[in-house]
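All remarks here apply to the structure that follows.
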Amino acid sequence: MLVMKLFTCFLQVLAGLAVHSQGALSAGNNSTEVEVVPFNEVWGRSYCRPMEKLVYILDEYPDEVSHIFSPSCVLLSRCSGCCGDEGLHCVPIKTANITMQILKIPPNRDPHFYVEMTFSQDVLCECRPILETTKAERRKTKGKRKRSRNSQTEEPHP
């Protein structure tokens, strides 16, 4: 008898949740006015530009893998977005360095300390043609993709 009551309660809760979620889904449809985001706003939000992105510190400083950082990721501006043509991609044309205070924890968990770490941020972005590279060219550049963290650069990064 108790099992039957519990089962009935369970079904009532499920039915209540289903009705509530159905109401939430149809609430927007009952309105006579549908909110539509204008094309210019959609285009502006999605077009190639610097956008904030969480970046893991160890992705930027792979040689520091033996340490723990807090926070483990930082918010940086990076070029992202659409270019409106499949032959183009969004790349940085101007970058700047930003230095942040990060908590660094040694592998043996000895006293941790604050360090200043420099990261590259994208300031200006542009849609540029995608360069087709041959396999031989890719092999030559392999391992040379990381740039120096302490120098400012005006060059686009891959």
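The backbone N, Cα and C atoms fix where each Cβ goes, and this holds for glycine too.
According to Swiss-Prot, the compositional bias 'Basic residues' annotation covers 137-149.
Taking a C-beta cut-off of under 8 angstroms and a sequence separation of 6 or more, Cys48 (disulfide bond) has the following same-chain neighbours: Cys79, Ser80, Gly81, Cys82, Cys83, Cys90, Cys125, Glu126, Cys127. Summarising the annotation, Swiss-Prot assigns disulfide bond to Cys48-Cys90 (among others).
Look at Swiss-Prot and you will find Cys79-Cys125 (among others) tagged as disulfide bond.
Counting every protein chain shown, 18 other Cβ atoms lie within 10 Å of the Cβ of Cys83 (disulfide bond). Cys83 (disulfide bond) carries neither a helix nor a strand DSSP state and counts as coil. Annotation comment: Swiss-Prot describes Cys83-Cys127 (among others) as disulfide bond, evidence class similarity to another entry.
According to Swiss-Prot, the N-linked glycosylation site annotation covers Asn29 (among others).
Sequence annotations record features per position, and here Swiss-Prot assigns N-linked glycosylation site to Asn30 (among others).
Of all Cβ atoms in the shown protein chains, 13 besides its own fall within 10 Å of the Cβ of Asn97 (N-linked glycosylation site). In three-state terms derived from DSSP, Asn97 (N-linked glycosylation site) belongs to an extended strand segment. Annotated N-linked glycosylation site per Swiss-Prot: Asn97 (among others), in sequence order, evidence recorded as sequence analysis.
Among the features that Swiss-Prot reports, region 'Disordered' is placed at 136-158.
Under the heading signal peptide, Swiss-Prot lists 1-18.
Cys48 (disulfide bond) falls outside any helix or strand according to DSSP and counts as coil.
For Cys125 (disulfide bond), the number of other Cβ atoms no farther than 10 Å from its own Cβ, over all displayed protein chains, is 23.
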